[in-house]
Each structure stands twice: as structure tokens, then as C-alpha cells.
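K.L.:
Below is a structure I'd like to ask you about.
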Amino acid sequence: MQQGQALSRPEKMVRLASWLVALVFAALLAGLGELVIRDLFYLPAGGPPQQEAFRQRIGLDPLKRQQEQLQRQTEAQRAEQEKLAATRGQLERSYQTQRQGLDNWLASRAATADAGQSGEVVRRARALDALQAQILQWQQKEDQASSGLLALAQRQQTLQAQVDRLEQQAGEQYQQASDRFELKVFALRLAVILPLLLLGVWLFLRYRGHRYWFFVYGFGLFALFAFFVELLPYLPSFGGYVRFLVGIALTVFAGMRMIQAFQRYAEKKRAELQQSQGQRAGRIAYAKALLSYQKRSCPSCDHQYNIAGDDADYCIHCGLQLFRVCACGARNFAFFPFCKKCGGAVARPAALPDHPASKPE
């Protein structure tokens, strides 16, 4: 790729379109990657483990049916007890009514001193005794119903303890299976995305200057987005360590590559500055010269040449001739092909004194 300031307007439009293609390509790959990452969740064993399967496997369903049966028996027994209690209550109220009537009748008999009604007294007393016996019978039935309810409650409590113990075992087995499944899914996703990330790094290092560089950049953006963004919602508890460790490794690798590139650049510049000015001038490309002119820097040593003033003809750092005077009298940058005033060809400074320049450190 060339620097943007050294490009013509059509080249800048092509550059902008290339970046647009790179972003669209990255977005489409990211969408496809999101679908793949999501569907990998159902790849191991046809999907995640189901908790109900572990409940059935451990034998919880028969116990649940027993609980339902006991619950129905308890409700029926409670309804029977309530019916018995209601009947007993009616008998007790009837007994109280008859007893009150007998007491009133006895008081009236004592007031009139009527001794001929002794048989009536005996009859009423026997009726009260019979009613009292019925109350006792219904009370016994109610007590039996209460005992049955207590026995059912104890059975329910024992059964509930068994259900709780088995549910705990089923929950532990389900959690272990879920953890194993989650680990498998994460390993699958990492096995898909990590090679893509490494491939993106390799493509960038090898083909970033290729004519189809925008596909390389688009794939690299997709790989970074897939690993550091799309994978984030699916990370297990330890997945953050993997994510940050890979990020640290990439940062260290990028830093080392940057330092190595700078060292190679510095060594290349030192080697260039040992050459004659004619050799150095012959190696300067037009795009490099245009960019250097716009930045007011020397195209050979990359130092600012206008420190000595805008009228300087030579670089004060490496001694390279930067400006030449045309036959028409115009002062031109020595690495531009044509004169800015007359349009004549500008001779490059190739026939200069053959001595190397030293770049100050």
C-alpha cells in the first residue's frame, strides 16, 4: 500500500473503495462466523444435556407418582375428617339443645311438684345418653381420621426426603455433564476461531502489501472480531484467561515485530547513508519524493530539511541535494520529473560528488 498523501485523487477513491470492500468483507465474515459459533453449541452429542433425562435415569418419576398419590389420599382423608367434625358438631349442638330443654323442664316440674312425670324424665335422660354415645362414636371416627392424616404426613415427609436426596444427586450429575458439554463446545469454538486468528496474522504479515490487500485486512478484522467479541458471550468460567492470554501473546508478538521492523529500517537507513548521493538519489521513488515534499522531509534520511530555512537546497543532515534550479530560473524539488514553471524535465541529482553522508545519531 502507498501512503495516502502521495496518492492522486483517483487513487484515493480506489483506496477508499478498497477499505469499504475490506469492511464489508469483514462484516459478512463476522455474520457467518456468528452463525457457526452459535450452531457449534448443538454439535456435541446432538445438543446440551437435559436435566429431565437425569431425573428419569435416577428414578425420580416413580417417587413423584407416589407423592401425587399420597397427596390425593391426604386430601381425601382431610375431607373425610372435616365431614366427621361437622357431623360431630351438629350432634353436640343437638345435645346441648336437648340438655337445655331437659334442665328447663326439670325446673318447671320442681315448681309444680308434679310427680307423675318421672317416666318422661327417664325417657329424656336416656335420649341424652344415646346422643352422648353418638357424639363419642363420631369423635372416635374423627380421631381415627386424624391419625390417618398424621400417618400420611409422615409417609410424605419420608418420601420427600428421598426425593430431595435423589434430586440433589440428579442435579450434581446434570451439572457435571453440563460442565463437560460446555468445555467441549468451548474447545470446538476455540479450535475453529484460533486457527482463523493465526491465519489472519500470517496473511497480514505476508500479504499486507499485495494488490488484494483489502481482503487480507478484511479477513484480519474478522478474525480479531470473532476471537475477542463474538466468542465473548460463550466463554466458560476459565475462558477469560484464554482470551487474555492470547491477547497478551498477540500484543507481545506485535511489539516484537514492530521493534524488529524499526531495527531493520534503521539498519537499512544506515546502509543507505553509506552510499554515494547519486546512488541514494537513484533509489528514491516518485511516491516517496512526493510524500517527503509534502512533509518537508528529506526522502533519504527522513529528517526535516526546512530547519535551516525553506530556501535550503541541500539536506543539512545527510547532504543530499533536494532542490535544483531549472534553465528557466524556477527552483524545483530535485526528485520531481518536470519543472513547475516551464514543464521541462528536471534532471535528478545523479552526477554529484561521490562521497557518502553520515546521518547524525
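Numbering starts at 1 and runs along the chain as it is shown here.
Placement of Cβ uses the backbone N, Cα and C atoms for every residue, glycine included.
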K.L.:
Which one of 46-70, 71-95 shows up in TrEMBL as region 'Disordered'?
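P.N.:
Checked against TrEMBL: region 'Disordered' maps to 71-95.
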K.L.:
Taking only the residues in the coiled coil (149-176), give me the average pLDDT of this model.
P.N.:
82
